[in-house]
Amino acid sequence: MDAVELLMNVTPNETRIALVETGMLREVHIERQAKRGIVGNIYKGRVTRVLPGMQSAFVDIGLEKAAFLHAADIVSHTECVDENEQKQFKVKSISELVREGQDIVVQVVKEPLGTKGARLTTDITLPSRHLVFMPENSHVGVSQRIESEEERARLKALVEPFCDELGGFIIRTATEGASEEELRQDAEFLKRLWRKVLERKSKYPTKSKIYGEPALPQRILRDFIGTNLEKIRIDSKLCFGEVKEFTDEFMPELSDKLVLYSGNQPIFDVYGVENAIQTALDKRVNLKSGGYLIIEQTEAMTTIDINTGAFVGHRNLEETIFNTNIEATKAIAHELQLRNLGGIIIIDFIDMQTDEHRNRVLQSLCDALSKDRMKTNVNGFTQLGLVEMTRKRTRESLEHVLCDECPTCHGRGRVKTVETVCYEIMREIIRVYHLFSSEQFVVYASPAVSEYLINEESHGLLPEVEMFIGKRVKVKTEQFYNQEQFDVVVM
């Protein structure tokens, strides 16, 4: 297993964490304080109102608005033990379940929105990378997405010994293929966490938060239990102290791997992470052989196109295509992980003439994807020669986190040519001429469009329009207009 380092860069209101494996950036995680929610937090609340007609109750958990608890969300784990199993049971009357003035431990499942308070459940769960802990329950549930009966039985047999009076577990989809040691570390971590929640429950007053969904550094460490973490470098004394306190209490095996970075250069610059992040926002990915990938992210899917680059001649073309496709499989696996691309992914490899080459490329892709922490599924080549695959989506892609829609092209990825905009201006002048009586028109446009209209490049477009309408047209440059932006003003 390759050595892994985590680099944590902390600035006011933003934390960035890079996973570097053998010197190469593999993953980037970003959290901004303004976007942190309360889903997953556990509160010691008090029922303030019971509404039998709505089968719900309002609970004061110490926030500005009272939170909402529906009768269907007051359930026990024994009624639903599989991660994806639908709850099927008869819901009791809310009046039988809670009463006004009752203290109750609840977990937030939906953020407050507008005038509505947060939505709650009494069905407390604590997640880690492989397991979900279910307090006060001895069952072991297995995600239905793990389809192999043999694997389901293996995992269940490994996890059952970890169940005790504290609770049981749900085995998550990502657990497929996990080792006994990975599962043991996950289970021990979750039980230590629950003991802390119980301790706070008895000590803290009503309307208090007794567990908060961890900040990004703690979540990342939680999810990397069992991996070959070599060093965890942190460039903030405050964050270092918080992480050290967390690892000392819940993950003592990681405490001696923490390093406080105090260099003069930013930590992401020293390790080449900053440049790698910028490169990961480009559509084009260059391959060492001279070929390249074009990665296009859309609402429906992600498409990846592979090209050979320079033409090498007919005699070696088939071998060049095959080698380029093999190289591309490794680059694709890396880019999917780095950019955090999920959902449907369509790959257009360069056309190959033999089934042997196609099968070897497909196997190379599967081998490269096997190192991904996210679940992937490769469906093979379609009749059109495209490879269909899926990758589990758990968070926004790097592009969606860091970028916004272009205000000029509105997400098209293209802007109209200067010539096209000039003809639009001419049509607008003629339209306005028929609507209003005017002696003169003034066109305000971007520098490139203004220059095209004024100079001879436009092949006399402006004089022709002036002759057509019998009016004078002036052109003025607006430095801050984008290429498609213009105004036609009547004088």
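Please read every residue number as a count from 1 along the shown chain.
Each residue, glycine too, has its Cβ placed from N, Cα and C.
Model, not experiment: these values are computed from the prediction.
Database features (Swiss-Prot):
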- Asp305, Asp348: Mg(2+) binding site (BINDING)
- 40-129: domain 'S1 motif' (DOMAIN)
Which three-state DSSP class does Asp305 (Mg(2+) binding site) fall into?
strand
Asp348 (Mg(2+) binding site) in three-state DSSP notation
strand
Reported in the order helix, strand, coil, what are the DSSP residue counts of the domain 'S1 motif' (40-129)?
13 helix, 34 strand, 43 coil
State the count of C-beta atoms found within 10 angstroms of the C-beta of Asp305 (Mg(2+) binding site), not counting that atom itself.
16
Predicted model, mean pLDDT over the domain 'S1 motif' (40-129):
83
